[in-house]
């Protein structure tokens with residue numbers, strides 16, 4: 001009954017989001033059922049986000065997805081092999097700017113009990129090195145696949161995008177700071193990209209989570225307007241310290 005209620009709420013949230021903006025993976029195809037074993041639905045009563053399982057007890061997502069009590073669903077693809085967990089603890093950078101959702105947009109969720117690896121559930125590795133400019137990386141999510149007349153596929157969709165130099169994102173938005181702990185990624189001609197409905201989801205390069213979907217333009221997947229992804233490599237020490245029990249650690253400035 002809990003799962004049915006959550007899935008009904010997810011549909012309502014998706015329809016609500018679709019009326020406000022294009023919150024979706026644009027230009028993708030249905031993910032292979034075996035390629036998103038780490039993908040999580042991060043659900044609250046008022047929001048829908050995505051997350052990434054990084055070990056049996058921890059999920060990585062975006063800090064701006066912290067909007068109340070969180071329920072995490074894993075193994076979701078046509079409702080096969082689903083495991084449901086409640087967020088036991090949530091960790092956000094203590095030095096994050098409270099008035100800026102884009103600042104240090106990363107959150108660790110500790111589950112109330114470990115998940116079991118299965119055919120459709122397994123963690124994704126943290127990055128060993130940062131991605132290179134020009135790398136082809138993978139995004140995925142459950143959002144609509146068309147816009148503005150939305151169509152919901154009912155399964156996660158995936159798309160390949162490119163890592164750009166940060167200056168490409170600054171060219172689209174000159175007000176951005178000179179440096180950033182984010183990755184700039186997308187397709188220069190537009191047509192593929194993630195958006196708000198995929199917030200917290202992974203940017204995957206060479207089998208590792210390199211980015212977390214953070215923010216983008218008001219209209220998604222527009223030409224010369226790449227998306228912004230929290231650069232996970234810069235936060236690996238913080239992540240590993242939290243998991244090890246050092247909850248007083250701060251994030252890099």
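Every residue gets a Cβ built from N, Cα and C, even glycine.
Database features (Swiss-Prot):
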ACT_SITE  64  active site, charge relay system
ACT_SITE  105  active site, charge relay system
ACT_SITE  199  active site, charge relay system
DISULFID  31-158  disulfide bond
DISULFID  49-65  disulfide bond
DISULFID  93-251  disulfide bond
DISULFID  137-205  disulfide bond
DISULFID  169-184  disulfide bond
DISULFID  195-220  disulfide bond
DOMAIN    25-244  domain 'Peptidase S1'
CARBOHYD  116  N-linked glycosylation site
CARBOHYD  117  N-linked glycosylation site
CARBOHYD  149  N-linked glycosylation site
SIGNAL    1-18  signal peptide
Alpha-carbon distance [residue 105 (active site, charge relay system); residue 64 (active site, charge relay system)] in Å: 6
Residue 199 (active site, charge relay system) versus residue 220 (disulfide bond) - Cα distance in angstrom: 13
Site with most surrounding Cβ atoms, counting all protein chains shown within 10 Å, from the recorded positions 116, 117, 199: 199
Among 169, 195, the most crowded of the disulfide-bonded residues [Cβ within 10 Å]: 195
Candidate recorded positions 116, 184, 251, pick with smallest Cα gap to residue 137 (disulfide bond): 184
Rounded to the nearest Å - Cα separation of residue 199 (active site, charge relay system) and residue 31 (disulfide bond): 18
Most crowded position, judged by CB atoms within 10 A, among 31, 93, 220, 251 as disulfide-bonded residues: 220
Close recorded positions near residue 93 (disulfide bond), where close means Cα within 10 Å, chosen from 117, 169, 195: none
Lowest local Cβ density among 49, 65, 158, 184, which the record lists as disulfide-bonded residues, within 10 Å: 158
Nearest of the recorded positions (116, 117, 205) to residue 158 (disulfide bond) - Cα to Cα: 205
Number of Cβ atoms other than its own within 10 Å, given for residue 64 (active site, charge relay system): 21
Tertiary neighbours of residue 105 (active site, charge relay system) (same chain, Cβ under 8 Å, six or more apart): 62, 63, 64, 212, 214, 215, 230
